Structures are given as structure tokens and as C-alpha cells.
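Here's the structure we're looking at; comments come further down.
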Amino acid sequence: MEKVIEEEKQGTTVQLNDKKENGRKLYIESYGCQMNFSDSEIVASILAKEGFNTTNTLEEADLVLVNTCSIREKAEQTVRKRLEKFNRVKERENPNMKVGVLGCMAERLKSKFLEEEKIVDMVVGPDAYKDLPNLVAEIDEGRDAVNVILSKEETYGDVAPVRLHSNGVTAFVSITRGCDNMCTFCVVPFTRGRERSRDPQSILEEIQDLVNKGFKEVTLLGQNVDSYLWYGGGLKKDFKKASPMAQATAVDFAKLLHIVAKAQPNLRVRFSTSNPQDISDDVLHAMAAHRNICNYIHLPVQSGSDRILKEMNRLHTRQEYMDLIDRIHDIIEDCAISQDMIAGFPTETEEDHQDTLSLMEYVKYDYGFMFAYSERPGTMAARKMEDDVPEEVKKRRLSEIIDVQRRTGLERAQYFVGKTVEVLIEKESKRSDQHWAGRNSQNYMTVFPKGNFKVGDFVMVKITDCTSATLIGEAVGYSDMTGPITIK
Ligand code: SAH
Ligand code: F3S
């Protein structure tokens, strides 16, 4: 149950079609959140113009890049182990290979990385990828290179990413970068910088390009998409200083959803991640108004205890969250909701933990991503609070959280049995080459016999059975998704 889908992707490499004129080989491996996978596609695109073709073979790479994650200590340990592996390959088989670290760990450790890990030649933070041509030139001449400057503007809106983590049907489009929320446990505001939004025009252009290439679904991506705000460029926190004209014509997330859904009525639209304190009723109404916006909200809560929410600097109470859940169900028919939860935040008592379990019982989440608290250097929690919940207590609370999630997840999946749902076919089922796999609006993976359907089709599937994560059924025909947009 814990980040099942994401776990599979960890450490995946990108391989592009070779350009004949390119003579050098790039190996790029990615860890962490979807944003990192997206960023690697931007990096591969930038380096393709610098003479690099991609390879999946470490031993033949001229340049090895690893796009890193800092969210929990374990994520950083995984990267350290990979660097050891790169070191062995360099010593034994590929002495000329250069190694660069990208992403959140690069930003967190900066030039310390060069001291700590002899194998590393280059350290590049998440806002500095356009400087890669210069940085690569530096390391070509034998010097170490570092650029970890965070930017107020960079959204990579003008770099066309290459879609190689993709199945040709669904794609991610980033709309914001950075986060201003400062949850006390979280390293993201430090590694990804201040929050900024991308020009809606460039978002629409990227989406049009995806549609032209045959994509059928996009997920709008950001650390906190509900906070999206375009007023001509600049940091979210500077909005108040913008001209009255810029403020009056600003595009917020609800407007962006309307614009995208209307511009592409035959494209499914999803988004991630939502933050309870920032999601507005306008967003819920936009979801209800467009049938092509999927009925699914990833709405991390982290804890069900008011006291812990406050310590985490999550700017809402348990009751406000529960009211929000009620409004979601009032406004949107059959909306699935998923959570992120942290077990064992500093000072968490048994009573706080019980509050988390009872909140989960109230919401009946469809899925969840659940973690034991991991202290991150530099965060407010690390500076001000002692990591005082013993490891075995964290583990036990985490497993109790996972148990509730399994149960409510199964209950929610069972709701679909006997119903007919719309599924976008993404790929062959992993278990059987006779079955297709795709998601319904609520993001449940659904498998069914192939029939005459093909990847990219929208089909109606009658659900006959389920597990807690998968619906099983039979296709009964095409959906009318390719017809005119209907407003509920
Ligand atoms: N807004 C982001 C959240 C990024 S972090 C998004 O787009 O998803 C993803 C999840 O990791 C958080 O919601 C939180 O549940 C978990 N997390 C973050 N910092 C953590 C820490 N220090 N220890 C344990 N889990 C953490
Ligand atoms: Fe992290 Fe909280 Fe932002 S979890 S990414 S600081 S919303």
C-alpha cells in the first residue's frame, strides 16, 4: 500500500531516440516525487542539444546523472548507495565517466557533496538545469562544477520535455515549482525554493502538443497546485505588490482548471498535490462542472490531531478538514480522496495517534501514502523539537495506520463492484497479456479482457470484482468521452 506505484519507478532511467550527430552518452537515473521524473525529462532535453544521446548502460556512459530526493533519510541513503555503485563502475570499467548529482539532495548539501563523495564532479540544484551546458563544459576541463542557485522565475516553461517515462497516453505537466507552506517536518521549501507559477499560455501549449501526439490524459503537477496563481510572473508571495490590472486579470487554480478542461474537452485532466488549507470551493465546482476533470483529490493531512497539526504548521484544524471532506462529497459526485500521513511526529502521544485513526475512519480514504517521521536537517521540527517517539512506536503506529487504510481502501473499492465505470486504457496488465489495464476517474487501476479495444481508448467497464487497489471487470463498449463535453 505504501507508495506502490511510485516505488516501482524509483531509479528508472530515461532513454531517448538517438540523434545521429550526438557523440556522447548520458545515463540519467531518477528518485523521489513525480516532479523529479518530470525534471529529468527537461534535463535530457537540454543535454540532447549539447551532444548527448541517452543510454541505459552505466558502463558506456560519459556522463552519469542522478536526480535525488531528500524527503526522508531513506531516500538519501538510496542515493548514497547508488554513488558507491557508480564508483565501482568507474574504477573497474569506465575511468572517464563523470558523475553529477541533481535535485533536492544537491540543493541541500551544495558543495559539501563534493567533499563527502569523491565520485561526484558536479552538483546542480533544481532551478539550475539551464546552466548544465556551462557546468558540463567545466567538468570536461577537469574542474568540479556547482550551481545550486534557487530562482524566483524559473519554471522551465520554454523547455519542451521529452516524454520517456510515459506510456504515450498519460503525461505530467508541471504548473508550479517550489512551496511556501513551511510545514515544520518538510525539507521541500529549502530544496525547491519559493513558490512560483507557470504562464497558463505555456501550459496550454504544452498540453496542445501532447494532444497532437495522441496523449489522452494530463496530470497538472506541483507541490501545492491549489496555490497556483499567475499574474504575469513572479513569486506567489509578491502578488500583493502587483499592479491592480495584474491582480484583476490573475489566473488562479480554479480558473486554470476551467481553461484547460474547456480547451481540451476530450482530454482527461488530473492534478496533484492538493493542500487542505489552499483548495477552494471554486476548485471543487470546477471539478464538478467538467466531466473531463477526474473525480479524485490527493489531499494529504499528515495527522488527525489538532495539536500535532499545529506543531506541523498545517494551517487547518481536524474539524476544518472534516468539513472540507463533507463539501467535496456535496459538490462532486463519487469523488475519491487519498492521503499522506506521518506516524510519530515529535511529541505525538497515543491519544494523538488515535485521533489520526479516527479521522481515517471518518474520511474512508481510497488510498494513502504513509510514512514514519524522519527528521530532516534544517527544518523547523529538527531545530526546535526532539525526535522523541521511539522507532518501534513509530513503526507500530504506522502499521496501525496502514491497517485502517487497507480496510477502508477495500471498502471503497467494493463500492464500484456492480457499477460501470469509464476507463482510459494505458497498458497491458502486468499479470496477463490477455488483459488491459487503465484507470477510472477515481484513479483506481482497472483490469479487463482486451477484446478489440486498444491502448488510448476510453471504455466503459462493468466491475465484477476487486482487491483493495484494483478493480476487475469486463468492457461493455466505448465511452462517450470523445463526444461533446457534458456539464453535470
Ligand atoms: N506537497 C507535496 C508533499 C511533498 S512530500 C506533494 O506534492 O506531494 C510528500 C509527503 O512526504 C508529505 O505529504 C509527507 O506525508 C511526507 N513527508 C514529508 N516530510 C517528511 C518527513 N520529514 N518524514 C516523514 N514523511 C515526510
Ligand atoms: Fe512540504 Fe508542506 Fe509544502 S509537506 S511540499 S512544505 S505543503
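Note that Cβ sites are derived from N, Cα and C of the backbone, with glycine treated the same way.
Residues or ranges marked as [4Fe-4S] cluster 1 binding site by TrEMBL: CYS33, CYS69, CYS104. Counting every protein chain shown, the number of other Cβ atoms lying within 10 Å of the Cβ of CYS33 ([4Fe-4S] cluster 1 binding site) is 22.
TrEMBL lists CYS179, CYS183, CYS186 with the feature [4Fe-4S] cluster 2 binding site. According to its DSSP assignment, CYS183 ([4Fe-4S] cluster 2 binding site) is coil. Sequence-distant contacts of CYS183 ([4Fe-4S] cluster 2 binding site), defined as residues of its own chain at least six apart whose C-beta falls under 8 angstroms from its C-beta, comprise GLN302, MET312, ASN313, ARG314.
Cβ-based neighbour count (10 Å, all protein chains) for CYS104 ([4Fe-4S] cluster 1 binding site) stands at 28.
Proximity to ligand 1 (Cβ under 6 Å from any of its atoms) holds for these binding-site residues out of CYS69, CYS104, CYS183, CYS186: CYS186.
If you take the Cα of CYS69 ([4Fe-4S] cluster 1 binding site) and the Cα of CYS179 ([4Fe-4S] cluster 2 binding site), they are about 15 angstrom apart, rounded to a whole number. Those residues of the chain, other than CYS179, CYS183, CYS186, with a C-beta within 8 angstroms of the mean position of the [4Fe-4S] cluster 2 site C-beta atoms are ASN181, MET182, PHE185, VAL187, VAL188, PRO189, GLN223.
Each residue in TYR31, GLY32, MET35, ASN36, THR68, SER70, ILE71, ALA75, GLY103, MET105, VAL188, THR191 lies on the same chain as CYS33, CYS69, CYS104 and has a C-beta within 8 Å of the C-beta centroid of that [4Fe-4S] cluster 1 site, without being one of the site residues. Among the binding-site residues CYS104, CYS179, CYS183, the residues whose Cβ sits under 6 Å from any atom of ligand 2 are CYS179, CYS183.
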